[in-house]
């Protein structure tokens, strides 16, 4: 009978691999590894093992639905809920926030990222020398900005990043640190990148969610009639695609050069190095209704490329030529471009076109 009861519980989920006996929840294999990192809170067991009666009764008494109602009862709308595709840091801190720190049962525990003001030190990569140095950061919803200072006692900030254009995305592999965060903002109508990290994982995720909270409250004022469901996807975004491609200049007679490309919504930017502060060039990718298309391959007369898997982006004004090292990369880039081109443009994106239309500096 206990075996049948357990099978009934399993049938309510999508083939779980593991369970937390202490929390009474079923988890996937990837999350089970994270649960093992908090053994004082969660003791995991495979569903393939032999279960005794008390264990089955515990799982039947709690279960994922009841656990969610308990441990996620007060999750702020702006708080990032990671998926299985997110980095380990986000997934682990989500688990710890729920089960170890009980942050979503007691609102006062959310103060580090919900107060509207946050101050602290982060290790920031230098724009020119590439060294990470400790810098003071202040996030203020009242001032509508994130600022950082080169010296601890400095009165004037080195940079002021408007919350309006602020974005943050975890980039542990690119930055080379498990807590690596890339922050972008618009400066003089160009994208500026800064790369930061903190040795404490919770501290870094708190900064990330504080930025999301500031963005959320800004958008609530900017779009008073919008629902939380409409605003939350706009708080932060991951890049659609990143990686190396070769490119040539506007006349298509220059040799192809290897560059790092980032597809951020409708902006395709390229950099000499993945950790450059500024893009060497940027192009706006519009929609098919505006005569944008992406093609596999390069024009027959094209010369000077080393990688054989070409891509041509056709815009109303000109063609952009790229080459990928592998066929798989070519497919992935074409799919990313096609997703953008297939999506109708929003009114505010038309305004962006007038400001940055086809700004693409072919600096080698």
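The chain as shown is numbered from 1 upward.
In case you wondered, yes, glycine gets a Cβ from its N, Cα and C as well.
Along the domain 'Arf-GAP' (16-112), the predicted structure has mean pLDDT 91. Taken from TrEMBL, the feature domain 'Arf-GAP' applies to 16-112.
Counting residues per DSSP class in helix, strand and coil order gives 23 helix, 46 strand, 33 coil for the domain 'PH' (115-216). The domain 'PH' feature in TrEMBL is assigned to 115-216 (among others).
Look at TrEMBL and you will find 238-342 (among others) tagged as domain 'PH'.
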Tally the residues of the domain 'Arf-GAP' (16-112) by DSSP class, grouping H, G and I as helix, E and B as strand, and everything else as coil. 44 helix, 9 strand, 44 coil
